[in-house]
Amino acid sequence: MPLIPYALTRPFLFGLDAEHAHELTLASIARLQNTPLQCLWQQPRIDDPVTLAGVRFPNRIGLAAGLDKNGRCIDGFGAMGFGFIEVGTVTPKGQPGNPKPRIFRLPQAEALINRLGFNNDGLDAFLANVRRAGFRQGGGVLGLNIGKNAATPIEDAVDDYLLGLEGVYPHADYVTVNISSPNTQNLRSLQSDAALDALLGRLQERRQQLIARHGRSVPMFVKIAPDLDEAQVDVIAATLKKNAVDGVIATNTTLSRDAVRGQAHATEVGGLSGRPVFEASNRVVGQLRAALGAGYPIIGVGGVMSGADARAKRDVGADVVQIYTGLIYRGPALVSEAARALKG
């Protein structure tokens, strides 16, 4: 158990502006990771190994991308017991993201709305942080999530993804291609049939070159949205298989507000995460499993607020599970709770 129960620190954090609390938490973890004070949140990693896409995951619970966009706190989050950690989304050039305020809590629904817009320090700073981290050397799996700059026209998006893939490839256990954030204009259009096929074709061509150059095969995952109908999911699944993509992450945040109507901040623009996205995410995971068949790697994410939620996501077809908003509402104890629920 962490030395300081999260129930004692959450009221203080929730009394702050949501983004300020987020930045304060990251700054504290970055400062204290790999020091004796890491014991404040440290807990043992549950041992439950599973191999996906040729990568051995020490357990089935991971941190979703977006919480640590610049990879500043990899070892600190690793100390919470995660088997795998995904950092980013990183873009080739640093960018400030959308104007503040841009993160909103909906406590009644155990949810967040964000319209951050891929705010990050850029690829060079990101890779410097990744190189400093010892998480991989300790057996953890590190996923690096890449996206496009807001200033890059959508028709040139592939160039940004190629730059990202080139940069992160030597340092990643897997690479995630993020085409599903609702906060970068037109990004989700890359999920459409022809656009996705063209993007993945170019990325796989470059990946084969990188395999030859580095002498190792780093699997590539694609992260998709929950706001897709069954026909769209089937098209995406077929396109993933056609382009020999190693796995899929389902899902990102939702644009739907059906579950939070009438609540404070419910009308804010951005992606909704947390408990309200759980069912939509599980629906997409289940549809992907049916379309892709047994054995195709699926990382499930969206609305996991308890160990039972994590198990339910595995039961509908996810091989491993990620959390983000649940960590904000429940704290580090959720990591071990979910890992135990997913075991076996």
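The backbone N, Cα and C atoms fix where each Cβ goes, glycine too.
Cross-referencing N34, N145 with the FMN binding residues that Swiss-Prot gives (A65, G66, L67, D68, K69, T89, N178, K223, T251, G274, G303, Y324, T325) picks out N145. A C-beta separation below 8 Å, combined with a sequence spacing of at least six in one chain, links A65 (FMN binding site) to E86, V87, G88, T89, G143, N145, T176, N178, K223. Nearest in space to N252 (substrate binding site), taking C-alpha to C-alpha distance over the recorded positions L67, S181, G274, Y324, is S181. Using a 10 Å Cβ-Cβ cutoff, L67 (FMN binding site) registers 20 neighbours.
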